[in-house]
Amino acid sequence: MFSRIAPSTKRSVQQAFKPAVQARFASTKPAAAQHPKQVAAVTAGIVGATGLAYMYADSGISANMADEGLHPPSHPWPHSGPMSTYDHASIRRGYQVYREVCSACHSLDRIAWRNLIGVSHSEAEVKAMAEEVEYEDGPDDNGDMFMRPGKPSDYMPRPYANEEQARAGNAGALPPDLSLITKARHGGEDYVFALLTGYMDPPGGVEVREGLNYNPYFPGGAIAMARVLFDELVEYEDGTPATTSQMAKDVCTFLAWAAEPEHDDRKKMGMKATIILSGLTLLSIWLKRFKWAPIKSRKIVYNPPK
C-alpha cells in the first residue's frame, strides 16, 4: 500500500511546486524582450534628441574653414622624435628673436632667468642679462619699495604693467602670454610657425577691417598682430643667416622648450625606465621558467600495489 502512495505523493508535490518555480523564473525574464517595438522607439527618440541638441546647442559652429583657420603643415622638428632632444643652438637663437622682437608685446611669465642656465646660456651670461632689467622689491627699513637689478631667480619682465595697458597699446587686442603657447594651440610649433610666416594679401572677395591683417592660419583670417619677422631683422651671434623662416623656426623651438623645459630629461628618464623594465621582464620570464619547468614537465607514475 505504501508503495502505491509514494509515487502519487511525489507527483503531487512536484505539481504543487512547479508553478512557483515557473513563476520565479518568469519574473527574471527581461522586460525588453517582451516589448521590442517600445524599446526601439525609445532608443530612436533618445538618439534623435541627442543629435538635434548637438546640432543646435552652439549656433556659432561653422563649416567654413576660414572661420577655423587653415590646418598648418607638419614640419620635421629636430625634437619631435622619440629619442630626439632640443636643438640648444636653436633655442639660443630663438631667445634672441623673442628678446629683440616678441618681448615688446608678449610676456613669458612662467620662465625665470635661471631656466636658461645650462640650456642656452652660461650662468655668467644669465646674470648679466638679468642685471640689465630693474625689478621692484622691498619694503626697505623705512617701509618703501625700491628698484634693484634683476637676479637669476627673477622671472622674465612683462612688457605691460597690466591687462588694460596691454589692450590700450594694441588697439584693444590682448597679446597672449607665450609661456605655454605651443601647448595651448592646436598644431603646436607647426601652428606658430605657419602663423609667423603665413601673412599675405587677402584674396579677392575677402575684406579685412582697418587695423587687422590677413593670415589664413588664424581663425577668421583677420589678426591684429602685424607681420613682425623680416629677413635680416636680427643679427645672429653664430653667423646663421637670419631669414624669415629661420627666425620663425628658432623662436618656435624656443617656445616649445619654454612650454616643456623637462622634455629632454623626460625622454632620458623614459629610456632608463624602458631598459630597466625590459631587464626585469626578461628576468621574470627566466625565473618563471626556472621555477615551473620542472613542475610542468615532471612525470607522475602510479604503481598500484600488487
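Glycine is treated like the rest: Cβ placed from N, Cα and C.
Over in TrEMBL, the protein carries these features:
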- CYS102, CYS105, HIS106, MET225: heme c binding site (BINDING)
- 89-241: domain 'Cytochrome c' (DOMAIN)
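Between the candidate binding-site residues, CYS102, CYS105, MET225, the densest Cβ environment within 10 Å is the one around CYS102. Of all the Cβ atoms in the protein chains shown, 20 others lie within 10 Å of the Cβ of HIS106 (heme c binding site).
When pLDDT values are averaged over the domain 'Cytochrome c' (89-241), the model yields 95. Residues CYS102, CYS105, HIS106, MET225, recorded as binding heme c, reach a greatest CA to CA spacing of 11 Å. Listed in sequence order, the residues VAL101, SER103, ALA104, PRO175, LEU178, VAL228 complete the 8 Å Cβ shell around the heme c site centroid, once CYS102, CYS105, HIS106, MET225 themselves are left out.
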